[in-house]
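Student: I have a structure here, written as structure tokens, and I will follow up with some questions on it.
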Amino acid sequence: MGFLVSKGNLLLLLCASIFPAFGHVETRAHAEERLLKKLFSGYNKWSRPVANISDVVLVRFGLSIAQLIDVDEKNQMMTTNVWVKQEWHDYKLRWDPQEYENVTSIRIPSELIWRPDIVLYNNADGDFAVTHLTKAHLFYDGRIKWMPPAIYKSSCSIDVTFFPFDQQNCKMKFGSWTYDKAKIDLVSMHSHVDQLDYWESGEWVIINAVGNYNSKKYECCTEIYPDITYSFIIRRLPLFYTINLIIPCLLISCLTVLVFYLPSECGEKITLCISVLLSLTVFLLLITEIIPSTSLVIPLIGEYLLFTMIFVTLSIIITVFVLNVHHRSPRTHTMPDWVRRVFLDIVPRLLFMKRPSTVKDNCKKLIESMHKLTNSPRLWSETDMEPNFTTSSSPSPQSNEPSPTSSFCAHLEEPAKPMCKSPSGQYSMLHPEPPQVTCSSPKPSCHPLSDTQTTSISKGRSLSVQQMYSPNKTEEGSIRCRSRSIQYCYLQEDSSQTNGHSSASPASQRCHLNEEQPQHKPHQCKCKCRKGEAAGTPTQGSKSHSNKGEHLVLMSPALKLAVEGVHYIADHLRAEDADFSVKEDWKYVAMVIDRIFLWMFIIVCLLGTVGLFLPPWLAGMI
């Protein structure tokens, strides 16, 4: 029984301790309920919260940015996530905290109270006003704080002059849509936009964001309407565009410059130009999706791309002209004197170009050696002389002069006399071609050359005279003349001092055959002589002096054709050398033009690059 009494006392004590707490909570809730009933009984949310109709409702306005979502250059629109801060006083919503259990503030639905109709004037898309109506914080003195979040798409005039190094000034204009300045006036909470909770953007950085109070009279109305305009100065982060836009443009420009450094002989200049032009065209198709499509101003990068396009097009035109100059020849074009003077003399010195002359000198040396070889007295080897000739010299008893009937083969016994011999056994004496006559000798004999003549042999031009002789031991009653010639190359000296008298003149020489044959076989053979008189006419010493400059020539027609062929080859090489020289001059002119435009395009490319970066740098955007 005592246990039950003690247990009942404990329950009474517990209830006594709990009931005051519940009574306090119930009293607090009852106080707010009573407060709400008191505040909103007969409250009209459509009327301005002023005691006198002439009073002005002061609305303190502020803005806090949470995120810069996007800046659309094409649509010229800025999307932001902001908190709209608003404060005003409502005299109808006041109370004494002592009457309501010291309740100093309550949260009330914003739909139940009067709100200023503040909207975004420069709204581009979506709702002008706040759509998410959060609860307002009401204080006992009638002060109301309302901070609803909002995502605004405000129109922004995008200036893409220095794109991608641009800096934009986007504005957000807030004001009452229906109440003029006499009804509602705005007061800025802070001079700057609150960025304490700002989430940094990956493309834009906010340089500054300030708010300015303005009053404006619109054409539609006679009243003055106040507004607070926030200016967001934002700058683009150019790293993405530098890597994906500017550097490729610079590389394309460099490729265009390299076109003029490429030799014309490789044949890839036009291919490189067309490849650069096609790559730039494809690149421009991608750029149009990035660059703002506005006609108000041309972006700087657009100007640079247009400059590069013109750059590449001009390089193609110039390359075609350079290739045309490079492949010119004497058969198609004649090089004017001013071109030779300007592009072969003046401009290369200004460009510090030095033309190599090794190939041209080698060609000249080759042709000179060919001419020297054809005129050389030792063109043929001495060992190739025919051994079938025999000599018999019989000087005339009437005179010291060589007899016209002396054997021509006598001088063949002297191996030191001939200076040039052909492999075919042909001899020639080099001199200008005077008229030739043919004479006959009743006795086959050869007149030997005098010592003065043989020692004065030197270089000369080779001509052909045919020598006839009879073979050894032919059949009886028949004499056969065969064409056999051995080349002697010599020049007649102006004077001969051998034995104190003049040598025999070439005009007095007679060409005869001397062969071993039977005495009873007379024969007669015709030969060619140089300005000879009739056969058997003796030559005079004075005649010899009068014909000093003439030379005796003995050459066969075949040898003459061979020598003429060599001269033809030499002349052909000389003509080819002249053509080659003119072609090389045209090629050098093309190279000089290439070098001129190489330096010009390098300078223009550097100036264009500087023009791309200098204006933004001067404007303080880089």
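Here the Cβ of each residue, glycine as well, is placed from N, Cα and C on the backbone.
Annotated Ca(2+) binding site per Swiss-Prot: V71, E73, in sequence order. If you look up Swiss-Prot, you'll see 238-262, 270-288, 304-325, 596-614 marked as transmembrane segment. What Swiss-Prot lists as topological domain 'Cytoplasmic' is 326-595. The region 'Disordered' annotation in Swiss-Prot covers 380-477, 497-516. Positions annotated as compositional bias 'Low complexity' by Swiss-Prot: 390-407.
Structural setting of the listed features?
Tutor: A simple way to gauge crowding: the CB of E73 (Ca(2+) binding site) has 20 other CB atoms within 10 angstroms, across all the protein chains here.
If one looks beyond the transmembrane segment (238-262) by at least 6 residues along the same chain, the residues whose Cβ comes under 8 Å of a Cβ in the stretch are 163-165, 203, 268-269, 272-273, 276, 279-280, 283, 287, 290, 301, 304-305, 308, 311-312, 315, 318-319, 322, 594-595, 597-598, 601-602, 605, 608-609, 612, 622.
Using a Cβ-Cβ cut-off under 8 Å and counting only residues 6 or more beyond its ends in the same chain, the transmembrane segment (270-288) has close neighbours at 245, 248-249, 252, 255-256, 258-259, 262, 301-302, 305, 308-309, 312-313, 315-316, 319-320, 323.
With a cut-off of 8 Å between Cβ atoms, the residues of this chain six or more beyond the transmembrane segment (304-325) that come close are 249, 252-253, 256, 259-260, 264, 269-270, 273-274, 276-277, 280, 283-284, 287, 298, 586, 589-590, 593-594, 597, 601, 604-605, 608, 611-612.
Residues belonging to the topological domain 'Cytoplasmic' (326-595) score a mean pLDDT of 53 in the model.
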Student: Kindly assign E73 (Ca(2+) binding site) to one of the three DSSP-derived states: helix, strand or coil.
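Tutor: In the DSSP reduction, E73 (Ca(2+) binding site) maps to coil.
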Student: Are there residues of the same chain, six or more positions away from V71 (Ca(2+) binding site), whose CB falls under 8 angstroms from its CB, and which are they?
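Tutor: Long-range Cβ contacts: M77, M78, T79, C156, I158, Q168, C170, E203, W204, I234.
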